[in-house]
């Protein structure tokens, strides 16, 4: 199966979701990420996770829909408030706002996304509370739709800030790369190992303090192990510019693909554009497997930055930084991150280099305006419910 999200060229208009796919592929779900609660400061290492409160039952009538934050082929993300709330959204003390991801069952089924939706919900539940990962509060369902209730992250996509500034200075790029390293370390060390498989600036939101939140786990997958080796998966999924060569060659892939994508992302942070680009995704694939990464003379890229990018983007994954012996520990010891205090990064003691202009907790100015018309949708019939509802039992 192919699940390829078409990524806009840096010269084109930004979009909240990469919901447009190649004509022969299955659409990518809408994504959204949240600001998790403050981390447990006593937790050691990268496994810092805030214990989650008991989950209570929810239904759509518990919430007021304020506005749409993003739309995809079969999902919509809305800013919501508790139905009992009476305060205006411009009140400084109005902190009880959330993001509600709404997925239409008919579209999930039509686009053959049942497995991806189930994987997304399961992985989000397992990693809830990490300081740099979208926080799933609860999931629920009704006769027509599936819902994921998430903390609201008001700062918008990191992609928007990259477009605004054209590129990031090296200290800024290093800060965001460091937070991403901690996220990947945490995901890959989960039982069985979780491959994220869609790392790109559109899937990184900024919270009010300028820290990242990794969002949209629709392509994430727990891989498992066999004979102490990670199980490989063969689904062609992700965004063309960030695909590792082994994905394109259909050789089977593991969590190593995320380190390749981080190298591509870091290149984009520093230059403003990815190293491989073409209007035709097939040409992008050809560049990835045939061309070495070339660095521009302007802006100048430091030797340390070039080295870590090339180490991440090593075609032979057995030699790829992050996937070699030592894993993320080797990544954190690279000269590019010299003198970085990783424990301070993990515990959010270092201020984010970009602080979003958030005026109050429910401020949505960092998101584009979308039509509130959800359009005409196919009816989810009783026959469909009998055939498919058992797949959605976890919601």
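Each residue, glycine too, has its Cβ placed from N, Cα and C.
TrEMBL: automatically predicted annotations, no manual curation.
Positions annotated as domain 'Protein kinase' by TrEMBL: 63-337.
Using a 10 Å Cβ-Cβ cutoff, residue 101 (ATP binding site) registers 29 neighbours. The annotation ATP binding site is assigned in TrEMBL to 101.
What TrEMBL records for 338-395 is domain 'AGC-kinase C-terminal'.
If you take every residue in the domain 'Protein kinase' (63-337) and average the pLDDT, you get 94. Taking DSSP states H, G and I as helix and E and B as strand, the domain 'AGC-kinase C-terminal' (338-395) has 16 helix, 0 strand, 42 coil.
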